[in-house]
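For reference, the structure discussed in these notes is given below.
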Amino acid sequence: MLRQVIHRGLKASFYWLGLFVSRHPVFFLTVPAVLTIIFGSTVLSRFKPETDLEILVAPTHSLAKIERSLANSLFPIDQSKHKLYSDLHTPGRYGRLILLARSGGNILELAEQVLQVHKKVLDMRVNYKGFNYTFAHLCVLRHRDKRCLLDDIITIFEDIRLAVLSNSTFSKVPVSYPNTTLKDGRVSFIGHQLGGVALPANNRDQQVKFARAIQITYYLRNLGPVVQDIIAEKWETEFCKLVHQLATDSQELHIQSLTSFSLWRDFHKTGVLAKSEVLVSLVLVLLAATISSSMRDCLRGKPFLGLLGVLTICIANVTAAGIFFISDGKFNSTLLGIPFFAMGHGTKGVFELLAGWRRTRESLPFKERVADAFADVMVCYTMTSSLYIITFGMGASPFTNIESVKVFCQSMCVAVLVNYFYVFSFYGSCLVFAGQLEQNRYHSVFCCKIPSVEYLDRQPTWFKTMMSDGHDLSTHHDSVPYQNHFIQHFLREHYTEWITNTYVKPFVVILYLIYASFSFMGCLQISDGSNIINLLASNSPSVSFALTQQKYFSNYSPVIGFYIYEPIEYWNSTVQEHLKTLGQGFNKISWIDNYFHFLRVVNISASTKSDFISILKTSFLRSPEYQHFVDDIIFSKNGAEYDIIASKMYLVARTTEKTREEVVELLERLRPLSLINSIKFIVFNPTFVFMDRYSSSIISPILTSGFSVLTILILTFFLVINPLGNFWLILTVTSVELGVLGLMTLWNVDMDSISILCLIYTLNFAMDHCAPHLYTFVLATEHTRTQCIKISLEEHGAAILQNTSCFVIGIMPLLFVPSNLTYTLFKCSLLTAGCTVLHCFVILPVFLTFFPPSKKRHKKKKRAKRKEREREREREREREEIECIEVRENPDHVTNV
């Protein structure tokens, strides 16, 4: 009883809302238009892009950020970033080059050309307020001699050039890999500076004879003042221009560059590239909506209502964008999906309202028809809009650890709210005016009076076709004009009969088993998309640089800083063995290993604290080949003696081309050791900030959204008229969600911020389209399930087809935007629409004929009502016979009357 009361109360509320809108159409048309003008004007004036890529795509809360703060407090990262090599996420300002020998050549034979490029970079000038700045003014300085810090590969190539100039070959310069000894005696790790190395099979000393590429990084100071950063930014811009020119002019070298702003530039480039495609998408959706809303009936066709519906959602999106920027929001390229997602939800409400209008009785006044359409449609549309807000609201909650996902979900919630208001206000007003025109028999396109039948009979055929309403004027109130819509006609006359055919059902079951098996297979192969390349423009310099880097410089992992942040007894043999165990399997760049090697060479023992620290400070750190280790140790003076309170060393692991996955494994292996080990240490690399707990962070929004929807649908079991509707909706949405997840994985889509947002949208898109379909079936009172599913398809099939076709047509232009982000958005959106249509038109119509709810009780009720009516007719007949007998027996009385 409570369920019926709630349902009737909601329908009555929306009926009165429809009446209110129909009585004040000008007000509800004007207010949204004024709001759009007010908020839309702020889009251009307050538009600001988000410039910090780390804020957007890195997990907001992670141990890596805490470890970075601790490491930076001990050893400033800006001073040691040249040792903490990271492939794409080097902190601060910098410029990086990859020089690749063309035609498979040996880069070691091109030392002169490499050094010429290097010299041009050093000589490049940047003008700021009349002063010229070069790299020497901006570079990171070495502590020992205050000279610019350069990669050791430059020193090696200078030695090779000198050897060539002295009529020797480059092979005379000993270059080992990955560790090589320089002329000053220092041992340097060049695994990330020399790439594509081929070592002879019988080469015991690892001497390099052939290499394909070198990588040079120019580190800039980060002093803090705004002026310094502006000059550094200008230097990076000029650096990119210079490299582009050198790459064009060079015949022997293929040159690529990367700077600190390159990733952001190519991430933001997606939004710039997609401008024209978004406009094309809008035009295509307008055409599709107009055509799909048309009928041959010029009185009831109303193609402009489809067009006005799309325009309603467009101005709603403009208003939502204005609200976003007024609240200090910053644009990023992931927000590109909001117009498409909002259009997919908004046009569903528009087409359902249009279908509801056409189902109303034409004999009613147009205001009551609008109210009936609201009562018929807005209950379900309100429910699905509420679920949109709940799911995306959970995505915007503190449980979400990715800022780009949180910003997107917040914006989507605002867009859905504004869409909902505009659909019942602006579009409701359009429906009122269209109804008034229809009631006064005005043409749906030309807005002129439709001539009488007698007048049309005297006109040519083309005029009759354009001006005829397609119905006999004397009988059009008794017909159902909506059934003449071409989609409705196809569903009623052809599709419903075919899909419910007994011989079709086995093939549908087989199709679903194939669908489920492929989905399950894909779900077992899910991989996280922590690689930032998935979000960049596909033909951008950053993507080309990253692919070259992965091909030639992926033999070794990023350099992992190993920071010991508490005093330990370095002179103790047990501690030394412990440190060796921790670094086992890594290529180490360690002051302590070099110190023990130094002690062995000079044949000195340092088994006590005083000897260990005394020799370390007075001999080891003053030797030219070991001076660079001064920055790796922090001493404290306690009275007359010194203590080592912290130190660091660097670890590098051997990897394959799947570097990112292996780095995540390294982090997961080392971090637990730091928590349970007696030596208190942390490990850090700038890449860890983007990779630490990324998988769990990116999955949590869809888990919280899915759990919230499941909870809501279960809690409302006792509030809806038939709980089986909720049960079927849960099963259907789960099937669609898992199908999209599995199939997108098979389509090479990783779990990144875009794909996870698409999965949240899939939940809502499936509910938006399946809920009216399922509830109509559950509440139908026909004799059989087959008849009920036919009625459900006839009522909602046209709106589902109209909306999904407009949605798919709208996302098609995204395929032509050269960006990995839009490719992901297109793939996931296409799978979402495809799986939803498959369930609405193929799987559900067949499976609902097998399983509950049963329609026998309705059949029994109808049989009982029919028997009751037969009894009433029998009694009526008996009364008539008695009256006839009385009339025959008393004719005089009848005559007198």
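From the backbone N, Cα and C atoms, a Cβ is placed for every residue, glycine too.
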Out of N332, N555, Swiss-Prot gives the annotation N-linked glycosylation site to N332
Can you tell me which of these residues Swiss-Prot lists as N-linked glycosylation site: N179, N820? N179
Check each of the ranges 146-166, 335-355 against Swiss-Prot and return the one annotated as transmembrane segment. 335-355
By Cα geometry, the one of the glycosylation sites (N572, N603, N803) nearest N179 (N-linked glycosylation site) is N603
Within the chain of N167 (N-linked glycosylation site), which residues six or more apart in sequence place their C-beta under 8 angstroms from its C-beta? none
So of all those glycosylation sites, N332, N603, N803, which one's Cα sits nearest to N572 (N-linked glycosylation site)? N603
Taking the Cβ of N179 (N-linked glycosylation site) as centre, how many other Cβ atoms lie within 10 Å? 15
For the transmembrane segment (701-721), find every same-chain residue at least 6 residues outside the stretch whose CB is under 8 Å from a CB in it, and list them. 2-4, 6-7, 387, 390-392, 394-395, 397, 399-400, 402, 405, 409, 727, 729-730, 733, 737, 756-757, 759-760, 763, 767, 775, 778-779
I need to check the long-range neighbours of the transmembrane segment (806-826): which residues 6 or more away from its ends have a CB within less than 8 Å of a CB in the stretch? 267, 269-270, 273-274, 277-278, 280-282, 284-285, 288-289, 292, 310, 333-334, 336-337, 340, 343-344, 347, 533-539, 543, 749, 752, 754-755, 758, 833
Looking at the glycosylation sites N132, N332, N572, N803, the one with the fewest other Cβ atoms inside 10 Å is N132
